[in-house]
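> So Swiss-Prot says this about it:
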- LYS30, ARG44, TYR56, TYR140: substrate binding site (BINDING)
- ASP66, ASP71, ASP103: Mg(2+) 1 binding site (BINDING)
- ASP71: Mg(2+) 2 binding site (BINDING)
Amino acid sequence: MNPFHDLEPGPDVPEVVYAIIEIPKGSRNKYELDKKTGLLKLDRVLYSPFFYPVDYGIIPRTWYEDDDPFDIMVIMREPVYPLTIIEARPIGLFKMIDSGDKDYKVLAVPVEDPYFKDWKDIDDVPKAFLDEIAHFFKRYKELQGKEIIVEGWEGAEAAKREILRAIEMYKEKFGKKE
């Protein structure tokens with residue numbers, strides 16, 4: 001089984017999507033799901049003394065403008081193991097440009113954690129935490145000499161629109177998967 005191609009994007013898209021976690025919160029290792037094999041590979045170790053502030057992964061059967069699956073960040077109280085599948089509720093959209101490519105990311109919370117039951121939109125997330133995430137992405141490739149432009153945050157509706165668009169982009173690239 002290849003989780004990228006064989007899982008649906010979610011049980012109730014775009015309200016609830018599957019997040020396949022590649023990188024646990026607190027890691028300096030950047031793992032990526034290999035699109036061909038479905039195995040996890042080490043892409044690189046971050047050059048900076050930074051660590052991922054959230055669990056980070058992809059939404060299956062999506063594709064985005066950076067020529068990769070659509071990224072998703074899941075706010076968890078404890079880090080989860082790579083390749084964990086989380087039913088996640090999109091609450092926001094982080095907008096950034098990475099080396100000239102649009103590289104937007106969904107921000108989500110786990111459906112099955114009562115701690116986040118009232119988090120429905122970006123305004124429910126403490127601003128200080130959003131600032132930490134933005135700071136991480138602004139600086140994490142700096143020592144590699146790559147430029148990141150942070151455009152800011154949008155709410156849940158923008159995230160849901162981009163998820164639906166990323167599903168259509170997947171279908172265009174890989175053909176409709178039944």
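If you go along the chain as it appears here, the first residue is 1 and each next one adds 1.
Even glycines carry a Cβ here, placed using N, Cα and C.
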> Which of these binding-site residues is closest to LYS30 (substrate binding site) if you go by CA atoms: ASP66, ASP71, ASP103?
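When the Cα distances are compared, ASP71 comes out closest.
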> Which one is it: of the binding-site residues ASP66, ASP71, ASP103, which Cβ has the fewest other Cβ atoms within 10 Å in this structure?
ASP66
> Work through the binding-site residues one by one (ASP66, ASP71, ASP103) and name whichever has its CA nearest to the CA of TYR56 (substrate binding site).
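So, of the listed binding-site residues, the one sitting closest to TYR56 (substrate binding site) is ASP71.
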> Tell me the coarse DSSP state (helix, strand, coil) of LYS30 (substrate binding site).
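In three-state terms, LYS30 (substrate binding site) counts as strand.
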> Including all protein chains displayed, how many Cβ atoms other than that of TYR140 (substrate binding site) lie within 10 Å of its Cβ?
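Taking all protein chains shown, TYR140 (substrate binding site) has 19 Cβ neighbours within 10 Å.
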> At the Cα level, what's the spacing in Å between ASP103 (Mg(2+) 1 binding site) and ARG44 (substrate binding site), rounded?
18
> How many neighbouring Cβ atoms, not counting its own, are there within 10 Å of the Cβ of LYS30 (substrate binding site)?
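So the number of other Cβ atoms within 10 Å of LYS30 (substrate binding site) is 16.
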> What is the set of residues, excluding LYS30, ARG44, TYR56, TYR140, whose C-beta falls within 8 angstroms of the centroid of the C-beta atoms at the substrate site?
ILE23, ARG28, ASN29, ASP43, LEU46, TYR52
> TYR56 (substrate binding site) has how many other Cβ neighbours within 10 Å of its own Cβ?
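For TYR56 (substrate binding site), the 10 Å Cβ neighbour count is 21.
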> Tell me the Cβ contacts of ARG44 (substrate binding site) under 8 Å, same chain only and six or more apart in sequence, or just say none.
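Non-local contacts for ARG44 (substrate binding site): LYS30.
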> For the Mg(2+) 1 site given as ASP66, ASP71, ASP103, which other residues of the same chain have their Cβ within 8 Å of the site's Cβ centre?
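Nearby residues not in the site list: TYR64, GLU65, ASP68, PHE70, MET96, ASP98, ASP101, LYS102, TYR104, LYS105.
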> Between ASP66 (Mg(2+) 1 binding site) and TYR140 (substrate binding site), how far is it from one CA atom to the other, in Å?
17
